Each structure stands twice: as structure tokens, then as C-alpha cells.
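As given in Swiss-Prot:
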type: TOPO_DOM; residues: 31-380; note: topological domain 'Lumenal'
type: ACT_SITE; residues: HIS42; note: active site, nucleophile
type: CARBOHYD; residues: ASN92; note: N-linked glycosylation site
type: CARBOHYD; residues: ASN133; note: N-linked glycosylation site
type: CARBOHYD; residues: ASN167; note: N-linked glycosylation site
type: CARBOHYD; residues: ASN177; note: N-linked glycosylation site
type: CARBOHYD; residues: ASN191; note: N-linked glycosylation site
type: CARBOHYD; residues: ASN267; note: N-linked glycosylation site
type: CARBOHYD; residues: ASN322; note: N-linked glycosylation site
type: CARBOHYD; residues: ASN331; note: N-linked glycosylation site
type: TRANSMEM; residues: 381-401; note: transmembrane segment
type: TOPO_DOM; residues: 402-423; note: topological domain 'Cytoplasmic'
Amino acid sequence: MAGKRSGWSRAALLQLLLGANLMVMPPTQARSLRFVTLLYRHGDRSPVKTYPKDPYQEEEWPQGFGQLTKEGMLQHWELGQALRQRYHGFLNTSYHRQEVYVRSTDFDRTLMSAEANLAGLFPPNGMQRFNPNISWQPIPVHTVPITEDRLLKFPLGPCPRYEQLQNETRKTPEYQNESSRNAQFLDMVANETGLTDLTLETVWNVYDTLFCEQTHGLHLPPWASPQTMQRLSRLKDFSFRFLFGIYQQAEKARLQGGVLLAQIRRNLTLMATTSQLPKLLVYSAHDTTLVALQMALDVYNGEQAPYASCHIFELYQEDSGNFSVEMYFRNESDKAPWPLSLPGCPHRCPLQDFLHLTEPVVPKDWQQECQLASGPADTEVIVALAVCGSILFLLIVLLLTVLFRMQAQPPGYRHVADGEDHA
């Protein structure tokens, strides 16, 4: 309970600090953009893995499995160019380290995507060119080891309560119906691929492999017809909802995407009160990262985030001095980003409303909330063990007492029966 009270007090302190700052802040001349957070998926890549009967194994791909392709590099360079145009006048036209901070998961494809993106966002100008023949400059991308990443690599674990929720999700009518409807289809796919452990939760790997091969001009096997690919795609999208929704979505969010959302909320609050962060904060990650965050925000469209798709948070200071948050999702390269509205708030969402509406899906103490609560059955077991332990303890004490008394009798002493002759 102490951890919970301290969590609520921190949230209340953020609200109080923000409110006090807004009361004393003088009005600005015009509405202005103050801070941007980007979360994007890596670009086009090779398959993460293959299946036993696949004629195309790892050697088919120049850099092996799970690696960014030239197409993926171009996708992120183009996204960087689009961001450069969108934030012209907000960001300096040349790279300034005080303005930008980039963090990536520790995967080759996300690190390289961030580097390609920065090449499009900040081509070197003038003195920044270290070679006149190279229109590129090194810009730092920060990361942590995969095993230590508690911000961008989802699903987060180990988390016993989340695993319990997943087991409960498997018992829901929606999951059970989906499983029964696709039982024969999964058997067919398992037979064609040579996979022995194919389930609703793992079939996305088959779709991913076939999709990557098709994208790169490789011929698919006859069984992978357009109808089969469409069905696999739908099951792939179902697997994302299984991870972060279907059942107890809000609690799953607290254990998953809400962790990242908590950091984004802190950054927005900090920039509205002290302006002590870079103007642009970038996260380079995965489709699961985007889905986890968008499910926590309740703005997920139910489909896998495309390569180089980008979720945008923009913090504005209004002419009144108050702050607002706008969200966008760029999931098509040839169109402007789609406006996203947090449920219960207009697209131009006042910052305090944004914080209030997202509070329920932000964990107060992730480690504590991940623990399993003791139910009635657990209590009965504990009581029974305690009773048995007490009885065993008393028996041991009684036995030791008897043994002690027997050993305490003097040598040669024996009881004399009535009527026995004395020597």
C-alpha cells in the first residue's frame, strides 16, 4: 500500500506543478510548437525466421535474418526528409545536439533505421561536411542491452500477473471461437510448413516470412494462395490484439504500453514546466512497441503498423499560455499523418486533460503490480500448511521431551516391582 500511495502522490505532484506553472506563466504572442516525441517502427527487413520446409533459408538474404534491407533504409531516409519538411522552422536546418535525442532498441534493424532517418532529417550543411563527396554526418543513437530495456521492447517481462492475464485471455469466448474456427486451417499450415507447434499466437511468424519473401520477389509455394495470405494476415493482427487487448485491456496496458506512456507523460509535463529536454525526442523500435502504446492510448486501428510508420506527439503552447497535445500517425508514406484523438478529448487535447485521461493505464509500481494477488484458494492452502506445520512442531517437541527424560535417569536405576525381594 505504501508504494501505491507514493505513486498517487507523484502523479498529484505532477498535476500540481503543472497547474501552478500555468497560473503564473504569462501569455505568449501566438500558438507555438514546443516539443515533439516520435515513435517509429524500423524499415523493411528480412524475415526474422523461416519454417522447416521453406526453400529460402537464411543464406538467401544478404545479411541474414531480421536485418534492415536497402528498401528499409530508403523508407527511413524518406521519413527523415518528411519530418525535416514538417518541422521546418521548429528544428534547426542543421544538426544541433542540444535539440535532438534518439534512443533505439538494441537491434541492428532499429539502430540502422534511426541512422537512415537522421541522414534524411539532418543532411550536413557547410562546416558539418567532413567530406565534400558525402552528404552524411554521424549523429548519435543511444541504446541499452535488450535484457535491460524496460521502455521500448514489448511485451515486457517477466511479469507473472501479465502471464496470468494471458492465460485468462485464452479462456475467453473470442479466443476460443477464433481457435475453433481456424483449427483445420492451422493444421494445414503446420503440415505445409513442417512446424509442429503452430498456434494462434505463433502463426504470425509464417505470415511474416511469406510476406517478406513476396515483397522481395521470391516465389511463394502453391499453398500460399492470396486467400491463404489474407487469412494469415488476419490471424497476425489477432495475435497483436491477444498480446495487449481482448481481455482486461486497461490492466494489460498498465503492465505493458503504459510503461512507455508514463515516460512520455513525464516528458510532456517537464517540457511544459521547465523546458529542460531536447525539442525532439525520438524512439526507434518495433511494431509491437507501437501497438502496445496505441492500445494503452486506445487509438489502435487493429492492423499491424507498417514499416517506417510513425506515431507523433506534439506539445503546443496556446496563446493563452496553456499547453495542449496533438497526436498523429503516419502509416502511409504518400499521405499526410492521420490525426489521432484520445477518447474523451478533442484532437487538440489540453495537457491536463491528456494527463488525467491516461492516468488509469499508467502503472504506479510496475514490479508490485506484476505480482500475483493471493486469492481464496491460496489463503486456504497457506492456512492448511500453517496448521500442519504447527502440529508437526508440537509432535517434535513432545518426542524430544520424552527422549530427554529417558536420558536423564541415573545409571543403574530401575523400578522395583511390588513384592520383589531385596538382596
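Heads up, the Cβ atoms here are built off N, Cα and C, so glycines get one too.
Recorded features from Swiss-Prot, shown on the structure.
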| residue | record | Cβ within 10 Å |
| --- | --- | --- |
| HIS42 | active site, nucleophile | 30 |
| ASN92 | N-linked glycosylation site | 14 |
| ASN133 | N-linked glycosylation site | 5 |
| ASN167 | N-linked glycosylation site | 9 |
| ASN177 | N-linked glycosylation site | 10 |
| ASN191 | N-linked glycosylation site | 12 |
| ASN267 | N-linked glycosylation site | 18 |
| ASN322 | N-linked glycosylation site | 16 |
| ASN331 | N-linked glycosylation site | 20 |
Quiz item: If one measures from the C-alpha of ASN133 (N-linked glycosylation site) to the C-alpha of ASN92 (N-linked glycosylation site), what distance in angstrom results, rounded to a whole number?
Solution: 23
Practice problem: Take the topological domain 'Cytoplasmic' (402-423) and average the pLDDT across it for me. | Solution: 48
Exercise. Specify the nearest of the recorded positions HIS42, ASN167, ASN322 to ASN331 (N-linked glycosylation site), where nearness means the distance between Cα atoms.
Key: HIS42
Quiz item: Taking ASN191 (N-linked glycosylation site) as the reference, which of ASN92, ASN167, ASN177, ASN267 (the glycosylation sites) have a CA within 10 A of its CA?
Solution: none
Exercise. Measure from the Cα of ASN92 (N-linked glycosylation site) to the Cα of every one of the glycosylation sites ASN167, ASN177, ASN322, then give the nearest.
Key: ASN322
Quiz item: Once the DSSP letters are reduced so that anything not helix or strand counts as coil, what is ASN133 (N-linked glycosylation site)?
Solution: coil
Exercise. Spatially speaking, which of the glycosylation sites ASN167, ASN177, ASN267, ASN322 is closest to the residue listed as 'active site, nucleophile'? Use C-alpha to C-alpha, please.
Key: ASN267
Exercise. Looking only at C-alpha atoms, tell me how far ASN167 (N-linked glycosylation site) is from ASN267 (N-linked glycosylation site), rounded to the nearest Å.
Key: 34
